[in-house]
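These notes are about the structure you will find just below.
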Amino acid sequence: MKIIRARTAGFCMGVSLALRKLDREVTENNAPIATLGPIIHNPQVMAHYEERGVRCLRDTAQVVPGQRVVIRAHGIPVAEETALKATGASVVDATCPKVKRAQLGIAEERGRGGTLLLFGEADHPEVRGLLSYAGEGAMVFGSLDELKGLPLRDDVAYFLAAQTTQDRAGFEDVVSWLRQRLGHDIPVLQTICDATRKRQQEAVDIARRVQAMVVVGGFDSGNTRRLADVARAQGVFTVHVETVDQLPVDELRKKSVIGLTAGASTPKSLIDAVQRFLESL
């Protein structure tokens, strides 16, 4: 069996940076360490840090005196960050720089009187954080069809942004439709991470050359789910797994060429394990 592994598979810059900050806290501090929410969307990574004594807090009410709290890579809402600092905890901001740039860009456009239209998953922590910088009137949509159902007004000065891990092609479709619907251009913040674009494009390129695609990453990871979506859209059998034991072995044994990629929060060890198993079939 031939395996074509994506060169872009695995940790992105933002994830690597966040985990380096957390590793430094664990190594250099005697104080109790916690993250506010999962630092990244990968349960195996979270289990690794839990074994090292890192707590994952649901909210700021769980902060204890003397604790050092690391803000997740996805960022947090403004009100939550204010509440966290008010606890007196030592705060370490591990927000991805690309997410931070999106937050500040949205705040700047809001300051000019703009109303945000956000292309993203409404229940995703990054999106909740981005919306908190947008003020009243902001609307979020997960697809072009959802956007078409929103009550857009001709007398409102909209601007557009996207979750950093959103689908680039879908975003371009949104821009085109809004131009037609509103009859003019609106400010468009280029908030989709370039690493996301490259990862998705490589997944598409590989999917067109193989008989099956395996995508490795957390089921809660939006960028991993979208990798599976763009691969599946090429008409190839695609499976999204977190670990090697979830692979549909009987189905994959029928294939001679399999593509392998992984989300931005998937550790190399998990990708390697899946590749070794596939090569053994």
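Any Cβ shown, glycine's included, is placed from N, Cα and C.
The annotation [4Fe-4S] cluster binding site is assigned in Swiss-Prot to C12, C96, C193 on the grounds of sequence analysis. DSSP classifies C193 ([4Fe-4S] cluster binding site) as coil under the three-state reduction.
The (2E)-4-hydroxy-3-methylbut-2-enyl diphosphate binding site feature in Swiss-Prot is assigned to H41, H74, H124, T164, S221, N223, S265; the stated evidence is sequence analysis. In three-state terms derived from DSSP, T164 ((2E)-4-hydroxy-3-methylbut-2-enyl diphosphate binding site) belongs to neither a helical nor a strand segment and is classed as coil. Over all protein chains present, the Cβ of T164 ((2E)-4-hydroxy-3-methylbut-2-enyl diphosphate binding site) has 27 other Cβ atoms lying within 10 Å.
Marked as dimethylallyl diphosphate binding site by Swiss-Prot: H41, H74, H124, S221, N223, S265. The Cβ neighbour count for S265 ((2E)-4-hydroxy-3-methylbut-2-enyl diphosphate binding site), using a 10 Å radius over every protein chain in view, is 30. S265 ((2E)-4-hydroxy-3-methylbut-2-enyl diphosphate binding site) falls outside any helix or strand according to DSSP and counts as coil.
Feature annotation from Swiss-Prot assigns isopentenyl diphosphate binding site to H41, H74, H124, S221, N223, S265. Classification of S221 ((2E)-4-hydroxy-3-methylbut-2-enyl diphosphate binding site) by DSSP places it in coil, neither helical nor stranded. Counting every protein chain shown, 24 other Cβ atoms lie within 10 Å of the Cβ of S221 ((2E)-4-hydroxy-3-methylbut-2-enyl diphosphate binding site).
Look at Swiss-Prot and you will find E126 tagged as active site, proton donor, backed by sequence analysis. When other Cβ atoms within 10 Å of the Cβ of E126 (active site, proton donor) are tallied across all protein chains shown, the result is 25.
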CB neighbours of C12 ([4Fe-4S] cluster binding site) within 10 A? 26
Checking the recorded positions C12, C96, E126, C193 against S265 ((2E)-4-hydroxy-3-methylbut-2-enyl diphosphate binding site) with a 10 Å Cα-Cα cut-off, in sequence order, leaves C12
Out of H74, H124, S221, N223, give those binding-site residues positioned within 10 angstroms of C96 ([4Fe-4S] cluster binding site), comparing C-alpha atoms, in sequence order. H74
Among the binding-site residues H74, H124, T164, S221, which ones place their C-alpha within 10 angstroms of the C-alpha of C193 ([4Fe-4S] cluster binding site)? T164
